[in-house]
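Single-structure report; data block below.
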Ligand code: BDP
């Protein structure tokens, strides 16, 4: 035993505890690719038996990466290295490759496998049994290998396999809101992982590990810079840096994309205008595209935020979104690039209801976009709130590809302090019925192109990744990155299954840990909705930073940046009337949805205040008055965080002490913040309702004024760009 352990009995005990529990300190860097030892000895023995030999010729970079991952995974989990052979040894061989790399294969692929799908099969080749991982392409094989490893990581059987899987969406992209100065807009996990200063000369191991993690869940694209873009990124100096990243990503099937500033021809090219219909502007973009493809032959394309929150766009020149997007699409088309044109727009004119703006601006252009344009629509009509109804554009543009945009970074969900598993939020939106093509026209089916097979398809996630050791700030925030990839691959996958896989791969397969923690994860988003924005409240957070409660905010730059604009609380009641008697935003949905949500009796409680202004005494389904229900939700939300903490505390010893302790502290902090949200909001709304907090509930610790005066300095997530007033 090392001497220092004898000197410090405490350390000694901890070391003993770790050995006894076979757990090691773990900083979370390895994400869900930990490749823990398989602890069930019998199972490990069975696996080893089946993995004694391998046929795995690998000459391309993706195949080499797949092989390295395969060997690393098996070594980590089973301490085995299969012997490389050229012929199958019956029953004990794994065969990995494409028909090309394996020099022909006696099986045929179903059409659905396409370019990125894979097969994992137990088959007989030349009368000899083997396990085959195969695909049409090298990247398909890489996906197959990751999924094979996942079977072992989650302790599934690998005998008698017959797995065939393929992505349901074409573009599965992470959007990094990273600035060139390494700040990250709405980033809560440290600075940007892209070290632009040292690129292209220094290629950090992180870039490779990032790409591995993405490939393991099928993410095939990355937009590396902020949507509030700096024109500089298109300069030759920066394109060289982007090229270095692209060179890393390519091996893992990931294409690189850039957010562009619409006025780049002026700022970078010295032109007098960026009017998309001006020939010199078109020429500039075409030339820029050629130049980019010289550096990066498989460059993915552009992401564009135009005419929104002060960003320039075609409307600045009296042109339309379609004019702008199509001009860029023409520049990229010869190289097979795409334009992801964002529908998150609100211009300088304050609308009667910001909810309606994207629909009003985009719906008239249905069918007017070029084939390589995809309109990227946030899941809800306002802005990534803890709960939003699905965006009315989904289903409303039958001839336009619509790409889902989710936000993984927890801008409105407690930053990287609160445990919020977002898959239930994603699923709620994806499984919502738009009714646009009859009953069952879910948002998932719309974005998969089920109703128009000609359209390109995709899903984007605003990344929650930073330079923190554990990538995402909160150990559980990694689950949102993981779940995004899984749901971009197949939007209909169940959040519960994904959570169980992630827990098994990240922590342990011990059911006595997985089962209670999965429950915590599945409940976590609803808890947060309850202590932040229950019953359909939205946009009531602190102004600009979006940190903490701010239902009293009424003096921001423009009306629709104020919380009071959204909750409309007064002595008579609370909520935003979006029925025909109010802003009539509901008319943007199909008649069935409009009828359901437009009637306060059928509108689900969860969306009530999104669409109705109701009196404080309004009788809810529960039998409580609206006021009592609101208070009850705030209290239940905070209480459930406390309960979550108690459950967690009982799990000590089941995982590594490092992450256990970190999560424990985070839960305590989350509880403190949940109580602040609860007390601040209840006191504020009480100043209108003038009704009491139900007897028995703990009284808020302070008066309302205390919460209003709280000041927070240097809140993370404020990027290098200075228009954070919304
Ligand atoms: C809002 C963010 C802002 C982003 C904007 C966007 O507060 O920082 O720039 O979305 O999506 O949620 O463009």
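Note that Cβ sites are derived from N, Cα and C of the backbone, with glycine treated the same way.
Just so it is clear, the model here is predicted, and its values are computed rather than measured.
Listed in TrEMBL for this protein:
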| type | residues | note |
| --- | --- | --- |
| SIGNAL | 1-25 | signal peptide |
| DOMAIN | 31-148 | domain 'Alpha glucuronidase N-terminal' |
| DOMAIN | 152-471 | domain 'Glycosyl hydrolase family 67 catalytic' |
| ACT_SITE | 309 | active site, proton donor |
| ACT_SITE | 383 | active site, proton acceptor |
| ACT_SITE | 411 | active site, proton acceptor |
| DOMAIN | 472-696 | domain 'Glycosyl hydrolase family 67 C-terminal' |
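The Cβ of residue 411 (active site, proton acceptor) lies under 8 Å from the Cβ of 186, 384, 546, 717, each of which sits 6+ residues away along the same chain. Here the CA atom of residue 383 (active site, proton acceptor) lies 12 Å from the CA atom of residue 309 (active site, proton donor).
Secondary structure at residue 383 (active site, proton acceptor), taken from DSSP and collapsed to helix, strand or coil, is coil.
Helix first, then strand, then coil: DSSP counts for the domain 'Alpha glucuronidase N-terminal' (31-148) stand at 42 helix, 25 strand, 51 coil.
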